[in-house]
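According to Swiss-Prot, the region 'Tryptophan synthase alpha chain' annotation covers 1-298. The annotation active site, proton acceptor is assigned in Swiss-Prot to E50, D61. Per Swiss-Prot, the feature region 'Tryptophan synthase beta chain' maps to 298-697. The N6-(pyridoxal phosphate)lysine annotation in Swiss-Prot covers K381.
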Amino acid sequence: MTEQIKKTFLKAKEENKNVLVTFVTCGFPNVDETIKIMQGLQNGGAGIIELGIPFSDAVADGPTICKGNEIALKNNITLEKVFETVKLARDAGVTIPIILMGYYNPIFSYGDAKTIQKAKEVGANGFIIVDLPPEEAVGFREECKKQGVSFVPLVAPSTTDRRMELLASVADSFIYVVSRMGSTGSSATGVINTALPQLCQRVRKFAGDTPLAVGFGVNTSEHFHQVGSVSDGVVVGSKIIDLILKAEPGTAATVVEEYCKYLTKEDPSAPVPKQFQSGGSVATAPPAAVVEPINEMYLPQKYGMFGGMYVPEALTQCLVELESVFYKALHDEKFWEEFRSYYEYMGRPSALDYAKRLTEYCGGAHIWLKREDLNHGGSHKINNCIGQILLAKRLGKNRIIAETGAGQHGVATAICAAKFGMKCTIYMGAEDCRRQALNVFRIRLLGAEVVPVTSGTQTLRDAVNEALKAWVEQIDTTHYLIGSAIGPHPFPTIVKTFQSVIGEETKAQMQEKRKKLPDAVVACVGGGSNSIGMFSPFKADKSVMMLGCEAGGDGVDTPKHSATLTMGKVGVFHGVRTYVLQREDGQIQDTHSISAGLDYPGVGPELSELKYTNRAEFIAVTDAQCLEGFRALCHLEGIIPALESSHAVYGGMELAKKLPKDKDIVITISGRGDKDVQSVAEQLPILGPKIGWDLRF
């Protein structure tokens, strides 16, 4: 299988031609047309077909490829159906190499060895896995080698020489060179990175005779020949998907065949057919700056089997750079002096309140409340935001982007950006913008821009997708200030470090007030920022129970919940190996919670390890139970908690009832609930009767 790819490049070289590498998403616009399109690509002169494995959360792809994915997934395309399509294409006379291209989680879910064996059986020649870097792909590459199937690495303009050497060493057929930073997309303005010759020259220094295929931004025949002058192959994907989207039903195969013939025509100066026209000529740009290589990763990337850096190559170097700056800050007392100098601004230390009436109501253990809701901005999020803003300063970045669900992280980020004079853009799902309109307005009052995300479920998960894409495109000037302990290394460790102030203060305050450690600490769990912030300082204290309260939504016996640790299975999502709510085919499951901040299908890797090792317990709290906790704290303690925190209040109440009266538990009140009053009002007519709460007037 690998040999056929090599022969394709060798034949093209002998004929003094470039290999046209084309891309089409499997099942787009439907399976029958996919096969005809593959025939059309071959008939038009394509030398290799990349057959896309559709994925619900394609963080490296632009809107065109994502639209193809969306249509394919609506057609119920799974990895098994991709294999069936390859077999049908081979039976229909497609003889050129077929490379399966996509994201790792569907493959991980199916099984590495099983995937590779099946691919070989049906006639696929290799794999390009966007978010599986060679460090994470050791076992996968070994199995590919054993089966004679190719594993194609990707390099980007940001790839350092040191890393380039590693990537070149694992290439067994060709190297995919990403011509520019950013997500996938044809070059609608006719712009091709003129630093491409230097990039290809740098790759060849390590690749030797291994062929290079260059992609991202190729649109016209002029592009094809210009890119081909410095490469062995030219990759075209988004433009093909765009043509298929615009084609009349049943004509896509003919359209792409004509387009391939146009791309590879010998005279690129000939007039461009109207249907293939783009907006201009090749632009000039300075060579891409290459960051000096980092010798090593300073900190462990994983918590047991969880964690890692499952990211597109374009993100790798900036994560390495971020880790280096963080590691130096971690061991620099001046950094921590500066961090602590903002404690008065943040409202730290936060209070540890004894909940006397709530304790009496539950009739069991003493209940204490860690009042992160009293922080500046109304939540625990300020801890992480101040810390990461200081890192961004050290990185020399002048712009901040972030995702937000309930808006608490968006508000905290906007606060810090204003305080430090940085531009700020917040990505927020359109549905979350609706149900958290007050926080949207707060963010704008603070001078930040809010970008509503209309893709997918229009919630936190989709906001993370868009923030990651934006970061790749603006990486030189922008820091992605992630709000939870999720994502690729080093983000989970960074967020945990800055949020650990919650647990550290709790430990000291309990010693002062009770001369002992708490018997249990309780926190809500979405991505995991407040929970790991509370839990981490107590990990080694085996006498302290740790209880995480997830969003049970309508109940875990329904599909409408966000209880990742209760109901999820191990997968790879948003750059990290962790527990994920996913379907059997590895596609990410839609989620639901009354609380926008917990409405997320993944979770931080350290929390996954705490579950896997049974160090912490996790329960699912339904929307109705959440409102019970919300009501109890309002009525008994005069505190309106965030709906996120209300999950922990309910879980803490139930735990307190089971424990003796000489025990102490601490519940993290991660945020205040004024942002949620409208949501509660909307939900009470539905959920109120279930808990006997009627506030209608």
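Just so you know, glycine gets a Cβ as well, placed from its N, Cα and C.
As the structure is a computational prediction, the values presented were derived from the model and not from experiment.
If you take the Cα of D61 (active site, proton acceptor) and the Cα of E50 (active site, proton acceptor), they are about 15 angstrom apart, rounded to a whole number. Of all the Cβ atoms in the protein chains shown, 27 others lie within 10 Å of the Cβ of D61 (active site, proton acceptor). Within 10 Å of the Cβ of K381 (N6-(pyridoxal phosphate)lysine) there are 33 other Cβ atoms, across all protein chains. Taking Cβ-Cβ distances under 8 Å and a sequence separation of 6 or more, the neighbours of E50 (active site, proton acceptor) in its chain are V21, T22, F23, V24, I99, L100, M101, I128, V235, G237. Across the residues of the region 'Tryptophan synthase beta chain' (298-697), the predicted structure has a mean pLDDT of 97.
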